[in-house]
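Q: Got a structure for you, written out below as structure tokens; questions coming shortly.
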Amino acid sequence: MASADKGLEEIQEGQIESNYDETVDSFDTMNLKPELLRGVYAYGFERPSAIQQRAIMPVIKGHDVIAQAQSGTGKTATFSISVLQKLDPNVKQCQALILAPTRELAQQIQKVVVAIGDFMNVECHACIGGTSVRDDMKALQDGPQVVVGTPGRVHDMIQRRFLKTDSMKMFVLDEADEMLSRGFTEQIYDIFQLLPQSTQVVLLSATMPQDVLEVTTKFMRDPVRILVKKAELTLEGIKQFYIAVEKEDWKLDTLSDLYETVTITQAVIFCNTRRKVDWLTDKLTARDFTVSAMHGDMDQGQRDLIMKEFRSGSSRVLIATDLLARGIDVQQVSLVINYDLPANRENYIHRIGRGGRFGRKGVAINFVTADDVRMMREIEQFYSTQIEEMPMNVADLI
């Protein structure tokens, strides 16, 4: 058992200690099945992120793995790629079970598995509360190789024998801290008892409270531990600048001037409100700039279309609220402009991380009025980073 193991002594830190530091910095050298590799690149990944470089290989090799990482680090793709590599598409039975704390996250994971596994002929079913039990039963009888779901519904389906566990090789717990804090502990323990003894366990968690550590000691064998720290993740390779703007009204002219100076391959401009997004889109369009806009008032179909145009490069500048900042990988973004500084520090990393995400370089420019200076200092402190005044030669950096 892992309890005597050194990393778990640091419990009060709430942080595990890595015991594994091998990295693989290209998807090509991971020995992935050709049809999986094709799916990885088709999905838009170019280089593995910090967690993907460390965690994919030990999972593929069959180790139990604990990975401590925040959201927005590419962790969903980490276990999706590993699961797809290990399962046998010809066996029409559930081989991997993935648990998530919320229905939304479970559906998001399902989309990623389906997208990356696009060329592999595998089925992935989302087993979540709030949907028809009958539909679940029917889908599970077809034997999807991957089932992703919330603990309550998954537990129910296993107990009713619709979700069969005999062929399960892998059990993934995503956002384990969230699941346990939401009171799913009992169901999770029950599910563990119902899986084959030899099942490989992969646990991902942003924090490592006592209850998560207990799960790791009880149910994991000699786990590989991987800690991906916040700063290492997202601000690496990203140059951050600010432009002092005397008052709010002058931001628009500042943005127009910036357009003149810089050739933008692709940029995202963040505003704090939907109204501001629409206003800025109108103003820039009136000045003959081509921009597209996206926020939460739009329906999913509209948003998908806008993202598709942006991904393909037919639209070059996207103006958005924080809705976009989480979980969307746009590989070619070279520039992120915070027209408004985010209202909370956590969103800063989600916005900026876009620019240099997954090993790409990027530039972030923050428009800062006198009212924003305190927030900017807080952001610098929180991420132990520096945001410097934008130099004249900024065009050379993008």
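Glycine too: its Cβ is placed from the backbone N, Cα and C atoms.
Annotation source Swiss-Prot lists ATP binding site at Ala69, Gln70, Ser71, Gly72, Thr73, Gly74, Lys75, Thr76. Residues annotated as domain 'Helicase ATP-binding' in Swiss-Prot, with sequence analysis given as evidence: 56-226. Per Swiss-Prot, domain 'Helicase C-terminal' is recorded for 237-398, and the stated evidence type is sequence analysis. Feature annotation from Swiss-Prot assigns motif 'Q motif' to 25-53. Per Swiss-Prot, the feature motif 'DEAD box' maps to 174-177.
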Q: Looking only at the motif 'DEAD box' (174-177), what are its DSSP counts of helix, strand and coil residues?
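A: Going through the motif 'DEAD box' (174-177) residue by residue, I get 2 helix, 0 strand, 2 coil.
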Q: With helix taken as DSSP H, G or I, strand as E or B and everything else coil, how many residues of the motif 'Q motif' (25-53) land in each class?
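A: Taking the motif 'Q motif' (25-53) as a whole: 17 helix, 0 strand, 12 coil.
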Q: Output the one of Gln70, Thr73 that, of all these binding-site residues, has the highest number of other Cβ atoms within 10 Å of its Cβ.
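A: Of the binding-site residues Gln70, Thr73, the highest Cβ count within 10 Å belongs to Thr73.
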Q: If you run the three-state DSSP split on Thr76 (ATP binding site), which class comes out?
A: helix
Q: Please report the DSSP secondary structure of Ala69 (ATP binding site), reduced to three states.
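A: Its secondary structure by DSSP: coil.
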